[in-house]
Amino acid sequence: MPENVASRSGPPAAGPGNRGKGAYQDRDKPAQIRFSNISAAKAVADAIRTSLGPKGMDKMIQDGKGDVTITNDGATILKQMQVLHPAARMLVELSKAQDIEAGDGTTSVVIIAGSLLDSCTKLLQKGIHPTIISESFQKALEKGLEILTDMSRPVQLSDRETLLNSATTSLNSKVVSQYSSLLSPMSVNAVMKVIDPATATSVDLRDIKIVKKLGGTIDDCELVEGLVLTQKVANSGITRVEKAKIGLIQFCLSAPKTDMDNQIVVSDYAQMDRVLREERAYILNLVKQIKKTGCNVLLIQKSILRDALSDLALHFLNKMKIMVVKDIEREDIEFICKTIGTKPVAHIDQFTPDMLGSAELAEEVSLNGSGKLFKITGCTSPGKTVTIVVRGSNKLVIEEAERSIHDALCVIRCLVKKRALIAGGGAPEIELALRLTEYSRTLSGMESYCVRAFADAMEVIPSTLAENAGLNPISTVTELRNRHAQGEKTTGINVRKGGISNILEEMVVQPLLVSVSALTLATETVRSILKIDDVVNTR
């Protein structure tokens, strides 16, 4: 009877007899959360594994509106994936961080993180505490960075051949790899023109503007020292101006409007005539002031309130032989000013000759039946900026070409930041695995075990490269291990030839910063995921 009462009146008090059961259930929950987080994050890594390397596959992504993207750039794939699980979202952020830091290696970093998480699962199942795993991984990372730095070789920015090889390696895994002989030199030239090789420590990629224009093929891509705009020249008569004096205005060349709540009542035609005459005189006065400064090319910022340029103003500008390009986007203003040395003018009273930029030539160029481009070249006081014009037969090709060029530019930026190169083709990862395994033998206890697991996880990159290239991953990785054990540090997988060779001789190289950043960011993310033992939903 007393037992019945106890069971009816709710859960038993936590006496010494049944404290164990409740505590055991609590102890079980963090482990479940951890495994759930790890499996969600691993699912994301597995999704993009097949797109690693030159023989990697591409993904076709369709968004809600039906727009299609074809790419094998890890950051782009993950950005467009709808990931709901918070731990999986951490891997998307990881890829984004790698894209910002290095610009390349966005797929590798996620695959390394996935492999490290796989190792964590095995260690956790053996009963090793997450904190011990986390601290051991940090030790392994520090040792790993030393190993990578030892493997690297310094590079000079004057060594053009090496820069080209790095850019080509980056482009080889892209859809546009067959055009790497055109795009690599273009990327190297672009970066070299916007920096001073002797003193530069970074590259501001905003100084390299990529303009996309539909039509033609990727062979028609070009590098322009100057400014290229996709907007058309507004007045049809003037298409070429030599010794151009260029003004950039942010106000409208049209009749001023009343406030929203004001009205003008016109009772007869004489009053109407007066309004029109006043409008004509107002616009003519604006145009005369522009002409007085010596301006013969006028760029007008896009306006959302009213017409930036009325027909009447265009008529007067045409008469005064001033070339007009309207609808300049607000975000392009800074680049335009830096390129041609002009200053934006917000009011006609500030429009003076010293606000103008000057250039040898401003012209509208026809593109063999696929539209027109407006070019300004031969700037007299050029800022260190260049424009890359990307052409392609359809939107998908142009967008992928733009992403590929961006990656190649980022690779060269990495070399400017950290002037060291490292072999590609899975060579650094195999070397890491080998050297960290040796290092683990010098440690004792659980640490040794965890560092060994970290080392084994590094083999995922060469294994995936081999798998994607149609080679046998097990025999390839085993042979790589043997060759590295014999001291051949730069031996890696030559995907093009389908075998193992000295990767440095094949000129498959990547910046040290890409590998260092990938290893650091992947380890940090894995340590964060390991430390999470509960997920709390809030409203």
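Glycine is treated like the rest: Cβ placed from N, Cα and C.
Taken straight from Swiss-Prot:
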BINDING   GLY53, GLY105, THR106, THR107, SER108, ASN172, SER173, LYS174, GLY425, GLN510  ADP binding site
BINDING   GLY53, GLY105, THR106, LYS174  ATP binding site
BINDING   ASP104  Mg(2+) binding site
MOD_RES   ARG19  omega-N-methylarginine
MOD_RES   LYS21  N6-acetyllysine
MOD_RES   SER36  phosphoserine
MOD_RES   SER184  phosphoserine
MOD_RES   SER202  phosphoserine
MOD_RES   LYS288  N6-acetyllysine
MOD_RES   LYS302  N6-acetyllysine
MOD_RES   LYS319  N6-acetyllysine
MOD_RES   LYS326  N6-acetyllysine
MOD_RES   SER444  phosphoserine
REGION    1-28  region 'Disordered'
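When the recorded positions SER36, THR106, SER108, SER173 are compared by the number of other C-beta atoms lying within 10 angstroms of their own C-beta, SER36 comes out lowest. The Cβ of LYS326 (N6-acetyllysine) has 21 neighbouring Cβ atoms from other residues within 10 Å, across all protein chains displayed. SER108 (ADP binding site) and SER444 (phosphoserine) have their C-alpha atoms 30 Å apart, to the nearest angstrom.
DSSP gives SER108 (ADP binding site) a helix state. Each residue in SER51, LEU52, GLY56, ASN72, ASP73, GLY74, ASP104, THR107, SER108, SER170, SER173, ASP407 lies on the same chain as GLY53, GLY105, THR106, LYS174 and has a C-beta within 8 Å of the C-beta centroid of that ATP site, without being one of the site residues. Look at LYS319 (N6-acetyllysine): DSSP puts it in a helix. LYS174 (ATP binding site) has GLY53 nearby among the recorded positions SER36, GLY53, THR106, LYS302, LYS319, GLY425, counting only those with a Cα within 10 angstroms of its own Cα. Ranking the modified residues SER184, LYS302, LYS319, LYS326 by Cα distance from LYS288 (N6-acetyllysine) puts LYS319 first.
For the pair formed by GLY425 (ADP binding site) and GLY105 (ATP binding site), distance between Cα atoms is given as 12 Å, rounded to the nearest Å.
Listed binding-site residues: GLY53, GLY425. The one with the lowest count of other Cβ atoms within 10 Å of its Cβ is GLY53. Here SER173 (ADP binding site) is positioned 13 angstrom away from SER184 (phosphoserine), judged by their C-alpha atoms. Note: the Cα of LYS302 (N6-acetyllysine) and the Cα of THR106 (ADP binding site) are spaced 36 Å from each other.
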